[in-house]
Amino acid sequence: MLPFAPVEDPWDQEDMEVFGSTSSSEPQVVFTMKNAATVMREHERKEVNDLKMVDEPMEEGEPVSCRREELVKEVPITQHVKEGYEKADPAQFDLLKVLGQGSFGKVFLVRKKTGPDAGQLYAMKVLRKASLKVRDRVRTKMERDILVEVNHPFIVKLHYAFQTEGKLYLILDFLRGGDVFTRLSKEVLFTEEDVKFYLAELALALDHLHRLGIVYRDLKPENILLDEIGHIKLTDFGLSKESVDQEKKAYSFCGTVEYMAPEVVNRRAHSQSADWWSYGVLMFEMLTGTLPFQGKDRNETMNMILKAKLGMPQFLSAEAQSLLRMLFKRNPANRLGSEGVEEVKRHAFFASIDWNKLYKREVQPPFRPASGKPDDTFCFDPEFTAKTPKDSPGLPASANAHQLFKGFSFVATSIAEEYKITPVTSSNVLPIVQINGNAAQFSEAYELKEDIGIGSYSVCKRCIHSASNVEFAVKIIDKNKRDPSEEIEILMRYGQHPNIISLKEVFDDGKYVYLVTDLMKGGELLDRILKKKCFSEQEASNVLYVITKTVECLHSQGVVHRDLKPSNILYMDESAHPDSIKICDFGFAKQLRGENGLLLTPCYTANFVAPEVLTQQGYDAACDIWSLGVLLYTMLAGYTPFSNGPNDTPEEILLRIGNGRFSLSGGIWDNISRGAKDLLSHMLHMDPHQRYTAEQVLKHPWITQREQLPRHQPNSDEPPQEAVAAPYSVLARNPNRHHPILEPVTASRLAQRRNMKKRTSTGL
């Protein structure tokens, strides 16, 4: 048996200044040990306490007795069925969609048809017995046993377990938010606040398992699910080990190799401490977008885990760096968490966490997954959800296999009490969003009418719903020119806000995406400005209040619009009341990403672009405030602050913005209050750090005391139409020069790496 891996920390003496860039050196790997293939061959010949150590699943005919740990797990257990309730069977569930598929079976979205929980949605994990080797069968039964025993707010709940002659069924919580891996693949990396929240909830889940004597052993983003609110739930217990404490340690070689602790790679005895190493790997990946130990193949990855020196990313906070160093201890006895979760909770990285509120799910998650109807699967891989859900007959397994799963059936004891609720039916499902399959379905459901607007990547048309004869608007986006996924997610997540355009349906034919929304019959704010020439101060303040209040809501959720302008702000009806305003066109909107919250991709409409975008210094929510400042200026003056007329070139407009030169004196400005000018000067401040936030704008006296503002329109000698329309006509003639195509996050090298190598360890 090989000795323990070296106990020194895996960090370089000199930290890396920039981590993960092409110019930085790769983590230094020291290959002074036997290669991993030799290690594995040696261990295949070794026995520890008479337990044969094999990495591959055993064949059907191999004696089960060679694995004592598996033999123990074949002891039949008492059937868990509440008195008076019948056992579940496949006929009691309607198959709705395929959520995932592996070599052993599928995961379906299902709806219960009978019983006290009729109408409830579940995830149904179906495994074919004939496809499972002996070790996999043991793992499946182990997963069922653990889920029966575990009851925790951050661990997926098992509601039913049953079997047929050829298949095994686990009926679990359906988590609409998908998994953390999917979110990480889309966003590449998370902010430290996001990571802190996920790690804190995960720490409580791991502690609960450890207190029950369970080592999880397969911690990775794919096994952490998000509910519709954004809280986590740990799932997939096929590799977990029951009844393991400091005196009774596990020896199995299992898990996803990139997340394995050194003692697991070395096939030495391991306990709960191994989970805290994997916890550190997960933290590192979420913060940096890359794995700390990943070679060109499995063997090199194992070598790196045992020997590699790794640079500490310097953009991480001191607290985050400290936690990583304490988790990445190659000696498990020295690893943070080896003495229990309390030492993890006491670490400075979690200083802002209220653990009691967290356990009660009273802490607001930093990210709310896109979700519409209860059975919406937008957060799941369309490769699976597009398939027709079909539970094919399973081949009968051997008699020995049936004996192995004796006592597999289970019904949650709280099933009647838990589901004294209104069943989910078509009448009470919120008709917000439905992801539909193709354009044929759109043409069957809607009749296209005239154009409403034409953009660089899309066209907006009026349409009529054939069944109800109700008018809607549809935005048709060319997927070859723009990735609409982020716009769809943001609209799905925040479309319930009264001042954000609501998304009704989404159709995708592969080339075009069709976004069906409300038809805004009141027209654009731009049209109203042109019609009135300028607003009274009271009307301008009322309009700015509604828009800024909506923007504040978006900013609090880490969303920036990045294209706020009068043509993207519409009235719901012809009353033109400020409360009927809705912000539309989220084509340039983004969720803030990165530890510093900055965005580096410039996209803008001239006149409404902040100066720091032009210099590509990165920008955050302050750019939206700049755009709102330009909007306020335009409402009060009837023209934009940086355009002199229709003959202005884009270069001239952008140069004036870069210089930050605008006038608040002379002409119409002699009739504008000092309060309005003061607010404008703060909203159009050149320095984004000194520019007002949305919250500060809302607290300004010109907003809070708007009922006292003048209601009359000031006289204006300016020709407003040409001045206001100039930037838009210029951009219409030169769309590509000032609206660069933004490549989706999936085009990044990190996202491509994830797409090429989808890590799996248990098949499902």
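The backbone N, Cα and C atoms fix where each Cβ goes, glycine too.
Comparing Ser322, Ser409, Ser468 with the features listed in Swiss-Prot, the residue bearing the annotation phosphoserine is Ser409.
Your range for region 'Disordered', going by Swiss-Prot and the list 1-24, 49-72, 673-696, is 1-24. According to its DSSP assignment, Asp218 (active site, proton acceptor) is coil. Mean pLDDT for the domain 'Protein kinase 1' (93-350) in the predicted structure: 79. Separation of the C-alpha atoms of Gly105 (ATP binding site) and Asp563 (active site, proton acceptor): 46 Å, rounded to the nearest whole number. On the backbone, the CA of Ile454 (ATP binding site) and the CA of Asp218 (active site, proton acceptor) stand 50 Å apart. The number of other Cβ atoms within 10 Å of the Cβ belonging to Asp563 (active site, proton acceptor), over all protein chains shown, comes to 22. If you count neighbouring Cβ atoms within 10 Å for each of the binding-site residues Leu99, Ile454, Cys460, the highest count belongs to Leu99.
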